[in-house]
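Inspection log for the structure reproduced underneath, given as structure tokens.
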Amino acid sequence: MSHNAFITEETIEPTDDGPLDGVTVAVKDNISTDGVRTTCGSEMLADYVPPYDATVVERLRDAGATIVGKTNMDEFGMGTTTETSAFGPTENPAAEGRVPGGSSGGSAAAVAAGDADLALGSDTGGSVRCPAAFCGVVGIKPTYGLVSRYGLVAYANSLEQIGPLAPTVEEAAELLDVIAGVDERDGTTREPPAGQPTYADAADGDVDGLTVGIPTELVDGADEGVRETFDDAVETLESAGATTQEVSLPSVETAVQAYYVIAMSEASSNLARFDGVRYGASGDEDGNWNESFAAAREAGFGEEVKRRILLGTYALSAGYHDKYYKQAQDARAWVKQDFDEAFESVDVLASPTMPVPPFERGESLEDPLKMYLADANTVPVNLANLPAISVPAGETADGPVGLQLVGPAFGEATLIRAGSALN
């Protein structure tokens, strides 16, 4: 194992034979594994050992997969670089000296380095797609409700989904086939429309007649090298039979602001349970609960997590709820409306996954706003609860570039078909 991709290296054997016999899978360390610690990349949960498997872990093991460890991540999923982990930063196997993306950077690095055949990550605002792009692998963010979140340690419930990372589109699709489906323990899961092929069967590269929309707002601000690589990939789709047309999504100009208000607000609520009593390391302040809670959270949380909790609490506080949180939800509805209107004239939307190549290590920690703004192309998808895939599009001098394809709800098969034309 290499690149500090893993927090815990431990073999979890399969419980049955199935389509993933002999396949090794790395699991992000915010997904519960029975008897194996699940830290969320945080000192707060450094010794937490779940007494149960997440639904996706059960399905992996039932399908014959061997889990090889729990992967490094930005603390509680809050980051774009996998540098906020309490267990040290992960290195990018595909771009020396640069970050692997986040927050599922350990999962992407494990696949890129060959430490695991496949991996699971979670995507709240791009946390599967960003590291997939930066590490030159494939990552899928499923439609909200396609994959069970039971056993996922919550950051922002209304936004996040568990998704696969793999070297190829077909392998990512095979993993999605295993983990997708209704779960009675997660009331948000839904059945996709009947009559669809398996996701693996959809990876046939047939894009003849497919209409691809290019949102100008998600392309115009991209780094020059990223834009050139993206344009070349679009030409590949066109040569395979797809047609392209420009579309406009004016609402995405507000998406980053809306996303961070909503995500931080949900985080401030979800992370309230980590107080050293119910969950997390004790504050050891005898006789004074307030001081004990404060000491536990001061010692247990890193700076980025504290920042987001404070901002989220502020956005929900009396007198500011309507000014921030309600306006963010209104912006979210506008984003969804724009996507719905776009899909009336195109089958999928294409953009660079990330508008920039991989950051140099340490670069974004000095400027958190820069890290937030880098999510501009990915967060609108989570706000609209839509599926997306990041596929390697090529490389610049600074590292890999991903192409993101977005589809209507439960349109994963179409995304996989289009993505496989590039992969």
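Cβ coordinates are placed from backbone N, Cα and C, and glycine is handled just like the others.
Swiss-Prot annotations:
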type: ACT_SITE; residues: Lys28; note: active site, charge relay system
type: ACT_SITE; residues: Ser103; note: active site, charge relay system
type: ACT_SITE; residues: Ser127; note: active site, acyl-ester intermediate
type: COMPBIAS; residues: 10-19; note: compositional bias 'Acidic residues'
type: REGION; residues: 1-20; note: region 'Disordered'
type: REGION; residues: 75-108; note: region 'Disordered'
type: REGION; residues: 183-206; note: region 'Disordered'
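Feature map: Swiss-Prot annotations on the structure.
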residue	record	DSSP class
Lys28	active site, charge relay system	strand
Ser103	active site, charge relay system	coil
Ser127	active site, acyl-ester intermediate	coil
Provide the number of Cβ atoms within 10 Å of the Cβ of Lys28 (active site, charge relay system), excluding the reference atom itself.
32
When you look at the region 'Disordered' (183-206) alongside the region 'Disordered' (75-108), do they share 3+ Cβ pairs under 8 Å, ignoring any pair fewer than 6 residues apart in sequence?
no
Between Ser103 (active site, charge relay system) and Lys28 (active site, charge relay system): CA-CA distance (Å):
9
Taking the active-site residues one at a time (Ser103, Ser127), which has its Cβ surrounded by the most other Cβ atoms within 10 Å?
Ser127
I'm trying to understand the geometry here, so how far is the Cα atom of Ser103 (active site, charge relay system) from the Cα atom of Ser127 (active site, acyl-ester intermediate), in Å to the nearest whole number?
5
When secondary structure is assigned with DSSP, how many helix, strand and coil residues does the region 'Disordered' (1-20) contain?
0 helix, 4 strand, 16 coil
